[in-house]
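Trainee: Pulled from TrEMBL, these are the listed features:
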- 20-44: transmembrane segment (TRANSMEM)
- 36-325: domain 'G-protein coupled receptors family 1 profile' (DOMAIN)
- 56-77: transmembrane segment (TRANSMEM)
- 97-120: transmembrane segment (TRANSMEM)
- 141-168: transmembrane segment (TRANSMEM)
- 196-217: transmembrane segment (TRANSMEM)
- 259-281: transmembrane segment (TRANSMEM)
- 301-324: transmembrane segment (TRANSMEM)
Amino acid sequence: MESPTNETEIIYCDEHPILRLYFVTVGTTIATFGCACNLLLLFVFLTKNRHQWSTYLIFLAILDFLLCFLYVTSFGLESIAKYFRIHFLYDSIRLTTTYQFTLSKVVQVCIPYVLIAISAERLAWIGKIIRMRNKGAQRESLLVCICIAVLWTALRAPGFFAITIHFYTDECDYFESIPLVSTDLAGDKQYMQYDLLINFFHLFVSFCVLFFLNLLIVHRLRLSHQNARRNSSMPNVVLSATKQMALHEEKKEHKRLRCAIKTTAVVITSYLACNSIHFALYMMEMFMPEILKDEDGNFNMFYVITSDVGTILFVFCSTIRLWIYYKYNPDVKTALKTMPCMGFSAANRPKTSVYECALPVTDKESPSSV
């Protein structure tokens with residue numbers, strides 16, 4: 001989803017090498033599966049015990065779906081239109097390219113900052129700043145999500161005016177005649193500095209902040225597991241029924257907390273791994289741009305292929321979120337297994353076990369979510 005960046009590219013027809021077609025085919029397959037997975041997640045979050053799911057989790061699922069959907073429309077459907085020479089489909093996609101491109105940029109930058117908000121919430125839970133989710137916390141998380149969306153939409157909005165489509169119907173084949181090109185704004189020095197700053201916060205700052213937050217979460221999670229093992233190895237003492245019940249509830253809450261934090265750590269780790277290529281490309285663009293360009297000053301094939309792989313990995317990260325929740329979050333696993341379409345009978349539904357990451361939720365407020 002990269003726009004043309006120099007004057008040489010905009011005079012070329014919108015040709016796609018056969019190698020890139022293979023990448024688009026793989027990416028479209030993953031993105032289509034990702035759309036289905038995230039729609040399933042949204043169905044679970046909005047219909048199964050709505051009060052227990054984090055607002056961040058719901059917002060993240062919406063962003064993941066949008067990212068996968070935009071990949072399918074921007075790359076997959078366009079390739080289908082070109083291959084089968086479907087005029088109305090090609091026209092529909094190319095005439096909305098600037099909107100799709102801008103929206104994809106907003107979605108891409110919102111995802112890491114939602115993950116940062118989730119990480120901060122988990123660290124607050126560990127530090128006992130927030131004991132459990134309540135209505136006030138839900139409102140605060142909703143406000144944070146709205147602020148993230150509004151802020152980055154406003155910051156990315158100028159990019160909409162830096163690109164446009166151009167018609168080369170006389171020089172090119174019809175299905176290569178409407179490329180996305182840069183406007184005069186893209187060459188403005190002040191805009192270039194502004195775009196550089198936005199990309200710095202998008203790729204560098206968010207990556208580094210998430211990396212260090214993840215290290216901190218994993219470290220504190222390890223300490224939590226050590227404390228849990230130490231407490232479980234303590235000799236049994238005779239306690240009153242009230243104290244035993246209170247101790248049992250505290251253990252349940254700690255297990256849920258550890259599960260939520262562990263899930264967050266896995267989600268962030270997968271994001272960092274899948275986004276590492278974009279991060280590496282950004283660093284090379286900043287400090288070693290000559291590696292990425294040919295003699296004419298255009299981006300070379302290495303950059304194009306690496307950028308495509310990075311985009312596919314980004315979509316893949318949004319696709320596997322369902323698997324991560326299913327594997328590491330018993331609440332999501334229980335909700336999915338109770339759905340008729342999943343093919344589980346009541347006898348095969350998850351059972352409570354003291355060895356699980358968390359016990360099935362029975363109260364109305366639980367830090368289960370991501």
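Glycine residues also receive a Cβ, built from the backbone N, Cα and C atoms like all the rest.
No curator has checked TrEMBL annotations; they are predicted automatically.
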Trainee: Tell me, what is the mean pLDDT of the domain 'G-protein coupled receptors family 1 profile' (36-325)?
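Mentor: Summarising the domain 'G-protein coupled receptors family 1 profile' (36-325) by its mean pLDDT gives 85.
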Trainee: Give residue numbers and ranges for long-range contacts of the transmembrane segment (141-168): same chain, 6 or more residues beyond its ends, CB-CB under 8 A.
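Mentor: Long-range Cβ neighbours of the transmembrane segment (141-168): 3-4, 10, 13, 54-56, 59, 94-95, 97-99, 101-102, 105-106, 109-110, 113-114, 117, 121, 176-183, 185-186, 191, 194-195, 198.
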Trainee: Look at every Cβ pair spanning the transmembrane segment (301-324) and the transmembrane segment (56-77), keep those 6 or more apart in sequence, and say whether at least 3 of them are under 8 Å.
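Mentor: As far as Cβ distances go (cut-off 8 Å, pairs 6 or more apart), the transmembrane segment (301-324) and the transmembrane segment (56-77) touch.
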Trainee: In the same chain, who gets a Cβ under 8 Å from the transmembrane segment (196-217) while lying at least 6 residues past its ends?
Mentor: 108-109, 112-113, 115-116, 119-120, 122-123, 126, 155-156, 261, 264-265, 268-269, 271-272, 275, 278-279, 282-283
